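Please read the structure below before turning to the comments.
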Amino acid sequence: FRRGLPVLSLLLWLCAVYFVGIYLFVGGFLLVRLEVNRTSTCGDVLHPGEEPGDFCRAQPRFRRAVVLIIDALKIDFARFDPSNTAPRPYENKLPVLEENVSSKPLQSRLYPFRADPPTTTMQRIKGFTTGSLPTFVDVGNNFASSAILEDNLIHQFGQMGKRVVFMGDDTWESLFPKKFYRSLPFPSFNVKDLHTVDNGILQHLYTTMVGDDWDILVAHFLGVDHCGHRYGPDHPAMADKLTQMDGVIRSVIDRLQNDTLLVVMGDHGMTDTGDHGGESQKETDAALFLYSPSPIFQAPLSQNEPDVVPQTDLVPTLALLLGTPIPYSSVGQVLLPLFSPHQQTEGAVGGLSQLEALWINAKQVNRFLETYSSMAKDIPPESLSQLKEEFARLSAEYFTSVKEGRSPSPHLASSLQAYLTSVRDTCRATWARFNPLKMAAGLAILASACLMCFVMSELSLLLLRENASGLKAPVAVALTVGVCAGAAQLLTRGYIEAAWCLAACAFGSEIPFFWRACRLKTPAVSKNGAKPLKLSRWLTPRHLLVPPLVVPLLRCASLLSDSYVIAEGRVVTFLVLSLVLYIPIHLNWNDLLLPQSLDPLKSAGLLPSPILSPSTVRKESNTLLACFGVLIGIMYLSLSFHGCREEQGFCQPSPFLSPLSRLQDSQVKNLYYILSVISLGICTYLLRHCLCHYGNLNSSSGTVFTAHWILPLLSVCLALHWAVSATPEDSFRKLAELIRMAQLALPRAAFCLLGLGLGLIWLDPVTVFVKSRTSASSRSSALPLPRYRASTGISPQAELRHLIPQIYQRMRRSLDPGELSGGTEADNRPTVEAYGLGTVYSAPVLLFCGMLGIGLLLLHPEGMALSFLLLLLEMGALLHIHASSTTLSGMHGAQSGDFNVPWTTVVVWSLAVTQFFHATGHLPTFPSIQWGAAFVGFPDGHTGTILPALLVTLNTFASHILFAVSCPLLLFWPLVRGSRSGEEGEDAVMEMRLRENPQQFSSALLQLSTRYLFILGAQVFSSVCAAAILRRHLMVWKVFAPKLMFEALGFLVSSTSLLIGVTLVLRVDMAVGRWFKRLIPDASR
């Protein structure tokens, strides 16, 4: 392990530099807008000439309010179409709304209620209680809600002495701690639980309403939202849940008093698959129903009614109707139909006219604008001055009309509305606050990290040769520069910002590396007689603009196009296929794909003969082309598992993305289940067959135990879990408790088996079975050191099929007792047959990845088993293509100690990550996140947020994890498949060649890892550039910012997984070294 420590330390350092760059840029790009922590008071809401306090002492229009929030109540659910004779499960299930709107037009209204994205519950609660607009980064707080510090309706109600009673979604408790007179929260995160929250509310709702110990009653139902997440809107369970909500609304209306206002609202909508979080119209358009037993509207529904009500408009409307000041930071606009068109005589707040309400609203918004602009300088000065001039003009006109006692101009109300709309639009456009300095520093660090990765990949051997000082110099410089940066901040600012200290450390650590790289003394002539390239010559267009690097370069440039990001899944599939096609074309161009014709000069010995025989060339070429054909089929089938973005129009998402529990046709459900189980069985069989083929299942190590027992048991647990999860809750009522226990126990048993299996592989990774035979004459004498040979099977029949041809005859003679005294065994040394030694490195890595893949499949819908099978097959096809091309490319004298993996293979491997990110149903959008993964094994929910976040991350980035952990297989597979003995008498074969060349082994491992990190880092750098350059683009928050977040998180997951894979290889190497010490104590390597 000490030999691999430089490799691991260099990779850790590289990843740390990348992480700092990402952290800096994201910190400058996704800043939360400045919150104005000021509170409105009664004295702020004044009519011209009135005394302070009049507003709050006046009788409000309504004394009480009941707010029913039906989570995800989209406007389509609320509408009623009597001509629809065959409604879908979500249609015509809330007739109570239409009945009241049509029969009581002066008492009720139904509006589309438009949310501002992101359409997640926490942001929506924040929006319709503060009246402010959320920022993009707030979406990250949805499951770690922190208290709202801005002025809000709940705070204002409390300041006025109103008793606010809450029941429902426990998110409110974390947003408004200790703000409620009485609170009945219920756990909200378990999306599979449709009834706990709703039934808990219904146990207390009606008894609370008939009592007299409340003024504001807030009830937040979650059943409709959870039903959408679990089944989608087009499911009978949705019809049942909406019908239940219809009954709830009827019962509440029957219990209302004349001085009470009823508000029924949805916080957001949902897509056709039941998801939300984005900004499509299906996600943003909820329903708003207003009702009171006494008339609240001055006229029936007319053309002057608003077509859509923004959610922020509810805040000033409720505040003025209930006699409280409008929250300080609200940018909402009062809903005018709820106010009288003309001045009222009673002078109470209930008598506010539309113009008076607009004036109070505009005055509050202008006050906020002045305060905010004095604290933050992000609003453009031109827009700010125009808004101030417009308010001054409107204010003068309003004051003049009031002083003169005449009616204001009829256009004044529309001008005030236009002013309020302009303020909101200006705030929405400018509340993406950026820190250009941090963004630039992050870009610079990422760019230098990519360059450092490239240089390290080209100088890996030289760096390891001269790594005597290790990372002492970079670490020392980094700490020195970081301390200086912190001291400078302390002196100039009086405080230290950690981000700039980290940036200084990152830049400081890179300086000694580049200085060393430029001064490295390269050997005059390399092993194959060619002159080595200097560092400066590697960075020339001639060496950079080659097809393997041009393809990722074009992809990175394409990330600046929103059309490319939208269609990325299919484009990347095409790029993978194109780059794989380049491999045989390049081989054929160099006359390496087909056997060469017989040359008389070569026969006479005047020219060097090819190393590979024509039959070997034909075999490898056929293997390469056959795998290419298989790859085409895999890629075509992988397109069947893609999801759909909102922008993709007529795209239909894959039916395999829906859990079996959503399917209503039992025959289709059974067919999908059988296909999933067959796919799982094939994956398990292929893993075991591959290990058995190379003789890795003959020993008694922990890894072999995992392959023999834990792997099949894990697959059985997974298949049973799918069967239980697909069983409808009401199918077996007598077995309901047993099914519930199975839903809890089976996935947890699978998690335990997975952890046990991975732990055994890590602790005991050597899969070698030793078999020793000695001659009778030598048994009693002191024996010399044994020689080891790698074997792939244990029976003579298996050896006939699988042994390496060049050493088969000698190994066969060694197994024959009659021939022990002669031939190659005349020296009386015992022959040691080490079965599985030739694949001692790749076997544990392969099994580790296979176990990990089945564990990650547990977090996906059942239909994704087919996609995971395709992923496994594509991995195998790419490895075989790489091995065959490496063998064919070595026809003219590849050095035995050269284990480098070419750029083409690394680029294809990295592109396959993105291909299967889409082929497992994922998209770089927040609505596509498969939240159900958080409840696999935890159907009753979680007490914290770390574990569910981890499960969702593992689900989302499964392809990143699998390809990164298995990346070292690219180094081993050419040795496994294309192995041949070296010079006569050399026994080191297959992966044992790595132990014969330890320095080249470490160099190749470092080069492979840094090349992989370079490609991933370049993708992150391109996404960062796109977000920085297009930060004012129309699609930045819809396309580029989510893409940046997914690329950054994907890099974090991939780099961590790569480090795990490299560490596993080093762990195997250490275990193999110990195995040799036990076998050959006095001559261990």
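Here the Cβ of each residue, glycine as well, is placed from N, Cα and C on the backbone.
Note that the coordinates shown come from a computational prediction; the quantities given were computed from them, not determined experimentally.
So that you can see what the record holds, here are the features copied from TrEMBL:
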TRANSMEM  7-32  transmembrane segment
TRANSMEM  439-464  transmembrane segment
TRANSMEM  497-515  transmembrane segment
TRANSMEM  571-589  transmembrane segment
TRANSMEM  670-687  transmembrane segment
TRANSMEM  707-724  transmembrane segment
TRANSMEM  745-763  transmembrane segment
TRANSMEM  840-859  transmembrane segment
TRANSMEM  866-883  transmembrane segment
TRANSMEM  957-976  transmembrane segment
TRANSMEM  1012-1030  transmembrane segment
TRANSMEM  1050-1068  transmembrane segment
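Of the recorded ranges 439-464, 497-515, 1050-1068, the transmembrane segment (7-32) has the largest number of C-beta contacts under 8 angstroms with 439-464. Contact between the transmembrane segment (1050-1068) and the transmembrane segment (957-976) holds: at least three of their C-beta pairs are under 8 Å, each pair 6 or more apart in sequence.
Looking at which of 707-724, 866-883, 957-976 has the most CB pairs under 8 Å to the transmembrane segment (571-589), the answer is the stretch 866-883.
Proximity of the transmembrane segment (840-859) to the transmembrane segment (670-687) is established through 3 or more Cβ-Cβ distances under 8 Å for residue pairs spaced 6 or more apart. Spatially, the transmembrane segment (1012-1030) is adjacent to the transmembrane segment (439-464); three or more Cβ-Cβ distances between them are under 8 Å for residues at least 6 apart in sequence.
For the transmembrane segment (707-724), the partner stretch with the most Cβ pairs below 8 Å, chosen from 439-464, 745-763, 866-883, is 745-763.
Under 8 Å from some Cβ of the transmembrane segment (866-883) lie the Cβ atoms of residues 580, 583, 623-624, 627-628, 630-631, 634-635, 637-638, 641, 656, 675-676, 679-680, 682-683, 686, 850, 853, 856-857, 860, 901, 905, 908-909, 912, 916, 919-921, 959, 962-963, 966, 969-970, 973-974, 976-978, all in the same chain and six or more residues away from its ends. Outside the transmembrane segment (957-976) by six or more residues, the chain places 694, 838-839, 841-842, 845-846, 848-849, 852-853, 856-857, 859-860, 871, 875, 879-880, 882-883, 886-887, 899, 901, 905-906, 909-910, 912-917, 919-920, 990-991, 993-994, 1004-1005, 1008-1009, 1012, 1049-1050, 1053-1058, 1060-1062, 1064-1065 with a CB less than 8 A from a CB of the stretch.
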